[in-house]
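Enquirer: Below: one structure in structure tokens.
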Amino acid sequence: MAAYKLVLIRHGESAWNLENRFSGWYDADLSPAGHEEAKRGGQALRDAGYEFDICFTSVQKRAIRTLWTVLDAIDQMWLPVVRTWRLNERHYGGLTGLNKAETAAKHGEAQVKIWRRSYDVPPPPMEPDHPFYSNISKDRRYADLTEDQLPSCESLKDTIARALPFWNEEIVPQIKEGKRVLIAAHGNSLRGIVKHLEGLSEEAIMELNLPTGIPIVYELDKNLKPIKPMQFLGDEETVRKAMEAVAAQGKVKK
């Protein structure tokens, strides 16, 4: 029997997802469709009767607004929320702002897949002359980060390396206290948590596509090991379509 339940939700589609651009640490907001996804995710949690005690999210508005929208739908906007850069999306470095299909046409789909999906190969770094360098690196929300902590680009391995200490030190104690935890974050920071929970290989986590705006439920034993595979809250068709849409990103438009 499950000792704990954990709910993860990847933010709804952002304005830059809609334009098929690499977002990374750029603070893109939700698109209208992404807002609807978050609403549906919240309604699925409401319909299933979920209650939470504490929430965690990144410092990026697409995840924060997804969380707000979910909390509104379940009428739990009063819950405490912890925001941290450690749950931010992977930093896509010099690729930030580029259209994924155009990048695939220029560098080849195989190279784009390596940058997007390889475990330990980072994209090219974001140099000071990048159009979004000041927008990200000089943003005051990151003023307390040391030079070592503030990335210019990240591989998935790098993203997981900065997300997992927060998971272990801040989130795990809350779960073990019996708190019902909701995490609203990003595809790659959530991948880190999923890889850790399920003990997935580097290859397996690279191929895992988490759908946007759909609550992911884990039932965990007392050692925080899943007692069954992740479950999605939502109808099967919604879940299938969402996962296919994520897999289709980064392919050359025919």
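Positions of Cβ are set from backbone N, Cα and C atoms, glycine also.
Among the features that Swiss-Prot reports, active site, proton donor/acceptor is placed at E89. Per Swiss-Prot, the feature substrate binding site maps to 10-17, 23-24, R62, 89-92, K100, 116-117, 187-188; the stated evidence is similarity to another entry. For K106, K251, K253, K254, the entry in Swiss-Prot reads N6-acetyllysine. The site 'Transition state stabilizer' feature in Swiss-Prot is assigned to H186; the stated evidence is similarity to another entry.
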Enquirer: Return the residues near G24 (substrate binding site), defined as same-chain residues 6+ apart in sequence whose C-beta is under 8 angstroms from its C-beta, sorted by sequence, else 'none'.
Expert: E89, R90, H91, Y92, G93, L95, T96, I136
Enquirer: List which of the recorded positions R10, W16, K106 have their Cα within 10 Å of the Cα of H186 (site 'Transition state stabilizer'), in sequence order.
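Expert: Final answer, ordered: R10.
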Enquirer: At 10 angstroms around each C-beta, which of the recorded positions E13, E89 has the fewest other C-beta atoms nearby?
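Expert: Relative to the other recorded positions in E13, E89, E13 has the fewest Cβ atoms within 10 Å.
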Enquirer: Can you see whether DSSP assigns R10 (substrate binding site) to helix, strand or coil?
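Expert: Reduced to three states, the DSSP call for R10 (substrate binding site) is strand.
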Enquirer: Residues with Cβ closer than 8 Å to the Cβ of W16 (substrate binding site), same chain and 6+ apart in sequence?
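Expert: Non-local contacts for W16 (substrate binding site): F22, S23, Y26, A28, G97.
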Enquirer: Just the number: how many Å between the Cα atoms of K106 (N6-acetyllysine) and K100 (substrate binding site)?
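Expert: Rounded to a whole number, the Cα-Cα distance is 10 Å.
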Enquirer: Do you know which of the recorded positions R90, K100, K106 has the most other C-beta atoms within 10 angstroms of its C-beta?
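Expert: Going through R90, K100, K106 one by one, the largest Cβ count within 10 Å is at R90.
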